[in-house]
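Trainee: Shown below is the structure under consideration.
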Amino acid sequence: MACYYDATRTSSTPEKPNFIAQLSQDNWPSILFAMAGGVVLSLGNLSTQYAWAFVGLSVTEVITASITVVIGTTLNYFLDDKINRAQILFPGVGCFLIAVCLGSAVHSSNAADNKAKLKGAGYSPTLNGAITNEELRNLEKGTGIIEEAKAGTAEFLLELEKRRAIKVFGKSTIIGLSITFFAGVCFSLFSPAFNLATNDQWHTLKEGVPHLVVYTAFFYFSVSCFMIALILNITFFYLPVLDLPRSSFKAYINDWNGRGWALLAGLLCGCGNGLQFMGGQAAGYAAADAVQALPLVSTFWGILLFGEYQKSSRRTYVLLFGMLFMFIVAVGVLMASSGHRK
């Protein structure tokens, strides 16, 4: 029998424990599920930092969110004893699959557009999109670049490459898409893991031990997410990937450039996850995955503020519109499939 928690209670009973009481109970199987959710979320968040450089903000968010829904929503549907309406839910999942395919096509088409822009501006991109060594040296020196270049121009692309921590010219598009798909798979697993932590569908708890309430599970989830992020980031300071320069923990502590934005992003991510889990416990975790509507906001940031897809080809615009349209339809269908936990 599921155990619910009344946030107004200050006392604890064996049937309805509060957060403090659950910290000392024998509920390690559920704790491990919650912590596993935090691990995969942290891996997914870190992966998207690299994917954004290769694929762009808009496409990265749509692909990862769609994969999250396709895998995670399906798992949550069966874990939640099918409380969501399958006749509505799974057509929505199909729309997300189409959005994934269109997102990959948008990335490939935009990469071809960028290659054509560089070549048309007198640069000499190779078959894989790189430019010559001399041009790369000019990039580092800051020469040959028009100040305040207009978004979408070859000069804008070169200036952007100069400022990137992760250099993408010359890198295969397969690398970016592979990282993006990996991030999507990680994101698809954290919600089902949290579902198992709070509802114990696999009956891993001993008889008489109450299920973790959302707040207790979220505590362990957050602790593991923080720890794995700390370990991975410090590791990559000294063992960087993708030709990034070496750094150190001391240099990180002393560099506060952009740190405020990073802290704000973490705060918003934590609040969003907590609200998603509370909604999932009430209406089913499959329907709560409608929170993946976030790429619609990311597209606004990517196109209007960061200059993505400016001066691209008509084919890219058509694919971009199709991707966003299918995503909007899929989110609407997903929300319509919601049910109520008994």
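Yeah, the Cβs are placed from backbone N, Cα and C, and that goes for glycine too.
The structure displayed is predicted, hence computed values, not measured ones.
This is the feature table in TrEMBL:
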type     : residues : note
TRANSMEM : 53-79    : transmembrane segment
TRANSMEM : 85-106   : transmembrane segment
TRANSMEM : 172-194  : transmembrane segment
TRANSMEM : 214-239  : transmembrane segment
TRANSMEM : 260-279  : transmembrane segment
TRANSMEM : 285-306  : transmembrane segment
TRANSMEM : 318-337  : transmembrane segment
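Map these features onto the structure and tell me what's around them.
Mentor: Remote same-chain partners of the transmembrane segment (53-79), defined as residues 6 or more beyond its termini with a Cβ less than 8 Å from a stretch Cβ, comprise 44, 86, 89, 92-93, 96-97, 99-100, 103-104, 106-107, 110, 164-166, 168, 171, 173, 175-177, 179-181, 183-185, 187-192, 195-196, 199, 201, 280, 284-286, 288-289, 292-295, 298-299, 301-303, 306, 308-309, 320, 323-324, 327, 330, 334.
Tertiary neighbourhood of the transmembrane segment (85-106): same-chain residues 58-59, 62-63, 65-67, 69-70, 73-74, 77, 177, 286, 316, 319-320, 322-323, 326-327, 329-334, 336-337, 339, selected by CB-CB distance under 8 Å and a gap of 6+ residues from either end.
Nonlocal intrachain contacts for the transmembrane segment (214-239), taken as residues 6+ away from its ends with a CB within less than 8 angstroms of a stretch CB, comprise 5, 7, 19, 22-23, 30-31, 34-39, 41-43, 45-46, 190, 194, 197-198, 246-249, 251-252, 270, 273-274, 277-278, 281.
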